[in-house]
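S.K.: Below is one structure. I have some questions about it.
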Number of protein chains: 2
Amino acid sequence: MVGQKQKVAIIGSGNWGSAIAKIAGYNAARHKDIFDPIVNMYVYEEVIDGKKLTDIINRDHVNTKYLPHARLPENVVAVPKAEDAACGATLLVFVLPHQVRRFVVDPQFIQNVCKSLKNAISPNAHAISMIKGVEVSQHDISIYADVIQQALNIPCAALSGANIANEVASGLFSETTVGYRPHQRHLAEYYVKLFDTPKFRVGMIEDVAGVSLCGALKNIIAIGAGLVDGLGWGGNAKAAIMRIGLMEMRRFSLEFFENVRPETFTETSAGVADLITTCYGGRNRKCAEAFVKTRKPFHVLEAELLNGQKLQGTETAKDVYEFLQARGKVDEYPLLRTIYEICFEGLDPAQLTERL
Amino acid sequence: MVGQKQKVAIIGSGNWGSAIAKIAGYNAARHKDIFDPIVNMYVYEEVIDGKKLTDIINRDHVNTKYLPHARLPENVVAVPKAEDAACGATLLVFVLPHQVRRFVVDPQFIQNVCKSLKNAISPNAHAISMIKGVEVSQHDISIYADVIQQALNIPCAALSGANIANEVASGLFSETTVGYRPHQRHLAEYYVKLFDTPKFRVGMIEDVAGVSLCGALKNIIAIGAGLVDGLGWGGNAKAAIMRIGLMEMRRFSLEFFENVRPETFTETSAGVADLITTCYGGRNRKCAEAFVKTRKPFHVLEAELLNGQKLQGTETAKDVYEFLQARGKVDEYPLLRTIYEICFEGLDPAQLTERL
């Protein structure tokens, strides 16, 4: 790690963005030989009790809206324009909520953010994406690390893991995984330096797509796990759905993406560990359980149970199903198919295991 | 599958033995071309309300003591002497509780049962072991499939999976894994025929030791998961302990046993799926949580919480630690070591992740 100091910009400041800013700020200050200690954080400006959120963060060092119980280091500076936050940045951390694209008119939300950054960042910048989900348009499926890489023409890695944001922010023990591209281990080492702490252990694997896809596809499997809970089928059936789901996640990723490593799914925090936390906690599991018990449709349960948050698992199930259908591969993914049909086509949840 | 009909004897009739007898009886009757439809089950004779347990089972077809809520098929016949149950048997199913060796004076309980069977069984008999745990004597560690194979001089496979007995007996969906020895896939196919049903899916892998060791070592990791629960560290930390535990289970098995396949741990029901059920349900997790919250020693919690059942995780943790110590390998298994030291040497549970 020689050369210029890394100038970090965090693009996003939701629950997870604020938690990761806490860690990045701590490490940037600790490793002054590697990082410029000032970490800019792009904060979408909102007014809270008559005050600007950026002003609250910069004065009180708390993101009162999205991470109210954690204190951010003072060297994390909230900036209300993305291009200002990224000015001169060499290391960009993308942690925008991917569901935003469902709220706004423009479906190319993330591409547009990238466009606004293009002239601001350092010419030798690089990025890491923590954005969950996949971009699907019928025949095509892309991970956000690729979307960012293409939009900015800079290398983009990915980070994912069993990382409930509030637990990470509270300093409880967690692991995570950085997926990097071939020949870019030297960049991954910056991400490890920026994020690794004794309570937040960062592993590395040469697999951007696998790490990204784990973070998206696990939400579909969590719907399956929640269906088992709703059916009252017990621990054996739930573990079986998780195991079969992990195998379908891996098969899907190996079939449709390049340079995917199978062990990303079975050995890393991004894979098996995140699947476990998501299938035992989290909103996808919860809504799927309620779906079986109440028979209300998912958009109703989402409104009733999630307090404004969106359900990623059902959306991703639909995106992935449509992609598989466009490719003529639906039959090869019986669990992904069955979960989709239960969610959207009226298939009886009790049929969950019939095709497996 | 040509040749003589298989004559099945089930050696053991506890909770899991009775659940598996229900399935074996159903399949033996269904596949009359392969199996003699009468399935003998060795039942350790007990007197329940003035009646012999074998008489109750043979008259009412319910094991009122160990599996009271399930009906056994009428072709399952309870036999009070092991050698009578095994008379002429070609396919032996060993499902004795391994903890028995801790109750009786003779530590060689399973060897002695085998000795009593030696002259009863068919000369071309073969066996499958569902006995959890490992036999440890300082420098040596053995799986029960090997103990049985040596004692009877017949091939012995293993079966393990995410299989809570009461759920299996209730007909809830489960998967399991048969581990077979090199060149004995033809025998494994008999076990699949004997156990596979639409609600109990049997997979196969050429790995007797891996399948057996998963069933033993997962209980140690479940102690770790229960410690996390007791500490209130949340879902990220628990998933991390499970992931690290799975990796140490695999490393241990590959280091000390022959013909182990790594995917047994990460891909099968015996591996990752059983680890999940055991770390979320089960008595090891429960007692370890109570250990942190009450600081009572494990033998006290066992007596208070388990209603006469024994805690396998702490015993196995001790056996494995002593074995690792005898081999000078303690440092290479930081999680197994730390769990042992917390259970038996007064290490503070809050130190759980310090060495990882």
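Each Cβ is built from the backbone N, Cα and C atoms, and glycine gets one as well.
Where the annotation comes from TrEMBL, it is an automatic prediction and has not been curated.
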S.K.: Based on TrEMBL, name the residue from B:Arg283, B:Arg285, B:Arg337 that is recorded for the same NAD(+) site as B:Gly12, B:Ser13, B:Gly14, B:Asn15, B:Trp16, B:Gly17, B:Phe109, B:Ala165, B:Lys310, B:Gln312.
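M.R.: Candidate in the recorded NAD(+) site: B:Arg283.
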S.K.: Run through the Cβ atoms and count how many others sit within 10 Å of the one on B:Lys218 (active site, proton acceptor).
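M.R.: There are 32 of them.
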S.K.: By a simple count of other Cβ atoms within 10 Å, which of B:Gly12, B:Gly14, the binding-site residues in the record, is least packed?
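M.R.: So among B:Gly12, B:Gly14, the binding-site residues given, the one with the fewest Cβ atoms within 10 Å is B:Gly14.
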S.K.: Which site among B:Trp16, B:Phe109 has the most other CB atoms no more than 10 Å from its CB, taking these as binding-site residues?
M.R.: B:Trp16
S.K.: Near B:Asn284 (substrate binding site) in space, meaning Cα within 10 angstroms, which of the binding-site residues do we find among B:Gly12, B:Gly14, B:Trp16, B:Phe109, B:Gln312?
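M.R.: Correct set: B:Gln312.
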S.K.: Cα-Cα, whole number of Å: B:Phe109 (NAD(+) binding site) versus B:Lys218 (active site, proton acceptor)?
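M.R.: B:Lys218 (active site, proton acceptor) has its Cα 23 Å from the Cα of B:Phe109 (NAD(+) binding site).
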S.K.: In the same chain, outside B:Lys132, B:Arg283, B:Asn284, whose C-beta lies within 8 angstroms of the Cβ mean position for the substrate site?
M.R.: B:Asn219, B:Ala222, B:Thr278, B:Gly282, B:Leu311, B:Gln312, B:Gly313
S.K.: Taking DSSP three-state, what's B:Gly12 (NAD(+) binding site) in: helix, strand or coil?
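M.R.: In the DSSP reduction, B:Gly12 (NAD(+) binding site) maps to coil.
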